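Okay, so here's the structure we're looking at.
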Amino acid sequence: MDGSCDGGDGVVDAEWSCYRDDDIIQQQNAIQAEEALKIPFVGDKESLSALAAEYKTGSSILKAKIEVLDELYVAIRRTRGDGNCFFRSFMFSYLEHILETQDEAEVEHVLKNIEQCKKALLDLGYAEFTFEDFFSIFIELLESVIPGRDSSISIDTLIERSRDPLVSNYVVMFFRFVTSGEIRRRTDFFGPFIMGVSNGTVDQFCKTSVEPMGEESDHVHITALSDALGVPIRVVYLDRSSCDVGKTEVNHHDFIPSNCLLKEAGSETIEPSVVLLYRPGHYDILYPRLRSETPSL
Amino acid sequence: MMQASRARLFKEYKEVQRDKSGDSDIKLSCDDTNIFKWTALIKGPSETPYQEGVFLLAMTVPEQYPLVPPQVRFVTKIFHPNVHFKTGEICLDILKTAWSPAWTLQSVCRAIIALMAHPEPDSPLNCDCGNLLRSGDDRGYQSMARMYTRLAATANKGNH
């Protein structure tokens, strides 16, 4: 940690010296509140043509890629670009999947992994009272999407809860704790990757780039979260990279944890149920077409 | 929102009561009637110009706590590059952008004690103090800081 703000240095305009950090934070909050009006934490499901519309006058590579995406995916659900979009997208996509499949075995599996995450944090020296509230809010939400329980909820309620600042932010923070715990627990594995993206230690990386709200997620975060919970994640990349020959392809990367349930069941090809669309700096949720659905032309 | 922060603060309160003998450099107390208002008395770290001083911090906890940091400022006057000389505002990353709920009021106090021992003159809130350190006048800094510690933070002349 360090002191890292600039207060009225002699070089800076006198006018600026009147601004205190609190004022700056207040202004940032105001900007965030304004952004919040534009898009909720988790948006509505939109057809893929909404994505195409964004790039009408855009690069031809992107337009071609969106056409490819249209063959594979039927819809998109946007999340707010507040630095928490990966965690927020993951939250909704995963819970919606559980709600639709009613996969109780999966829930059991994840609950077991969450118990491990809790142990890991305690072993790392985290005080239980600092993280338990975040854990219980997620567990409550997870259990509510399973049927036959008194508290089971509909998709509309899931959307509502995902837009509720308390629930939504607490779940994001739950994922941040889980991610940080996993990275710290496996310092030897993650250390070299972290050295490549920051110049600090694993500890510093977790303190400054994982645990604080609003810090963006990258490959390291996704790997850690997917491994810790045992949930596979597919990230589809929509960027301007292109191959020189042949037809346009859209790259994707699958994050497959070694302990995921599908692997245990001996499934050879794993199709992650959580599919996210990555555009540089932002993650949204993608909905794969069912095999029976033919693409609209 | 408010319920969540209240519940968390109550846990911290219980932890402070339980651990009273734990950290003799920090004495955290909560306002009798308002769990969102806390004060802390912290001992100046040894081998610094703040040693032998006792400093009062005022902590205001926002309703969104612990998703957002507490507001902390020095009530006791202190000459330190990262503390505003007039307002007592503290420039510390964990109180701003690097905050996370993994921190507690107690560990924030520990971080502030660490900041007292390791000033960051390159991001000053007190420019006069920062300039002394940046120009290498360690003796000037030490004597000014010690003087204010004696004037404001020791028992007989203290303001608390």
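Each position is counted from 1, following the chain as shown.
Cβ from N, Cα, C; glycine included.
As given in TrEMBL:
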type     : residues : note
ACT_SITE : A:Asp82  : active site
ACT_SITE : A:Cys85  : active site, nucleophile
ACT_SITE : A:His282 : active site
DOMAIN   : A:74-289 : domain 'OTU'
SITE     : A:Tyr237 : site 'Interacts with free ubiquitin'
SITE     : A:Asp239 : site 'Interacts with free ubiquitin'
SITE     : A:Tyr278 : site 'Interacts with free ubiquitin'
SITE     : A:Tyr283 : site 'Interacts with free ubiquitin'
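DSSP assigns A:Asp239 (site 'Interacts with free ubiquitin') to coil, not to a helix or a strand. The recorded sites under consideration are A:Tyr237, A:Tyr278, A:Tyr283. Their Cβ neighbour counts within 10 Å are lowest for A:Tyr237.
Annotation: A:Cys85 carries the greatest number of neighbouring Cβ atoms among the recorded positions A:Asp82, A:Cys85, A:Asp239, A:His282 [cut-off 10 Å, Cβ to Cβ]. In this structure, the CA atom of A:Tyr278 (site 'Interacts with free ubiquitin') is 14 Å away from the CA atom of A:Asp82 (active site).
Per Cα geometry, A:Cys85 is the residue among the recorded positions A:Asp82, A:Cys85, A:Tyr237, A:Asp239 nearest to A:Tyr283 (site 'Interacts with free ubiquitin'). With A:Cys85 (active site, nucleophile) as the anchor, the candidate recorded positions are A:Tyr237, A:Asp239, A:His282, and the one with the nearest CA is A:His282. A Cα-Cα distance of 9 Å separates A:His282 (active site) from A:Asp82 (active site).
It is 20 Å from the Cα atom of A:Asp239 (site 'Interacts with free ubiquitin') to that of A:Asp82 (active site). Across the fold, the C-alpha of A:Asp82 (active site) and the C-alpha of A:Tyr237 (site 'Interacts with free ubiquitin') stand 19 Å from each other.
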